[in-house]
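The structure under discussion appears below in the form of structure tokens.
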Amino acid sequence: MGGQVRVAIVGAGGRMGRTLIESAYHQEHIRLGAAIERPGSSLVGVDAGELAGVGKLNVLVMDSLDYATDDFDVLIDFTAPEASIVHLDWCVRHKKAMVIGTTGFNHAQKEQINAFAEQTPVVMAPNMSVGVNLMWKLLELAAEVMGDYTDIEIIEGHHRHKKDAPSGTALKMGEVIAKTLGRDLEKCAVYGREGITGERDRETIGFATVRAGDLVGEHTAMFADIGERLEITHKASSRMTFANGAMRAAHWLVEQKPGLYDMQQVLGLN
């Protein structure tokens with residue numbers, strides 16, 4: 001799209017919301033059209049730019065998408081599963097595209113998203129980082145070459161405030177590896193170990209989770225054999241990498257037909 005894409009950001013007052021506002025401010029082809037917070041928030045009425053530390057943008061934080069119907073083309077949501085479903089329903093009814101960076105959806109919620117995406121364009125990805133999406137391609141290659149004769153473990157770490165575990169990114173890593181190897185992740189995943197577990201089953205994919213301090217996001221996939229191991233690691237040092245990816249997705253999405261897309265498609269990696 002040649003012109004600017006207008007975005008709305010829900011959860012504007014949160015850590016990720018403020019980062020998204022800052023990212024939008026610095027993007028040549030993106031313009032912040034609306035910023036939304038929950039009803040009753042003390043941030044309602046505050047200038048979104050001042051909230052994010054980039055100066056006045058003349059976009060005031062509102063407490064409902066209904067007040068911003070004509071102000072944006074794409075909604076960006078990094079909130080919570082229940083809220084994201086409500087926001088997507090709103091987007092369908094008002095013919096708006098949506099970028100979803102929320103993680104932690106259950107099976108029923110994913111089915112709802114699939115159904116809604118038949119009516120409006122949606123990008124949903126557990127991680128919007130370019131580096132992470134490239135990592136998933138590297139995992140396919142590693143699994144293809146080494147997966148059948150190595151022990152596979154996925155280790156991830158995030159800040160103390162993250163609510164879901166393992167992270168959506170870690171689960172996606174497992175899905176990529178399992179699919180490449182022809183395995184069912186639901187049957188081969190092992191989430192943490194405790195007590196006398198017995199000898200490791202080569203067919204399993206292990207997950208370990210760390211929650212500590214202000215870790216932005218660290219993910220490692222380990223392919224371990226006797227005598228050597230391969231580790232593929234991505235470390236995010238700032239939420240800005242996720243925010244910039246979301247803006248890239250929004251700019252790409254506005255010209256797409258209804259459907260459910262991911263960052264691999266946005267980045268042309270498929």
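Residue numbers in this text run from 1 along the chain shown.
Cβ coordinates are placed from backbone N, Cα and C, and glycine is handled just like the others.
The annotation in Swiss-Prot ties G11, A12, G13, G14, R15, M16, G101, T102, T103, A125, P126, N127, M128 to NAD(+), and of the candidates under consideration, E37, E82, E144, E153, the one tied to the same site is E37.
T169 ((S)-2,3,4,5-tetrahydrodipicolinate binding site) falls within a helix when secondary structure is assigned with DSSP.
Counting only same-chain residues six or more apart in sequence, the Cβ atoms lying under 8 angstroms from the Cβ of G168 ((S)-2,3,4,5-tetrahydrodipicolinate binding site) belong to T103, G104, P126, N127. Long-range Cβ proximity for G11 (NAD(+) binding site), meaning a same-chain Cβ under 8 A and a gap of 6 or more residues, is found for G17, I36, E37, D77, F78, T79, A83.
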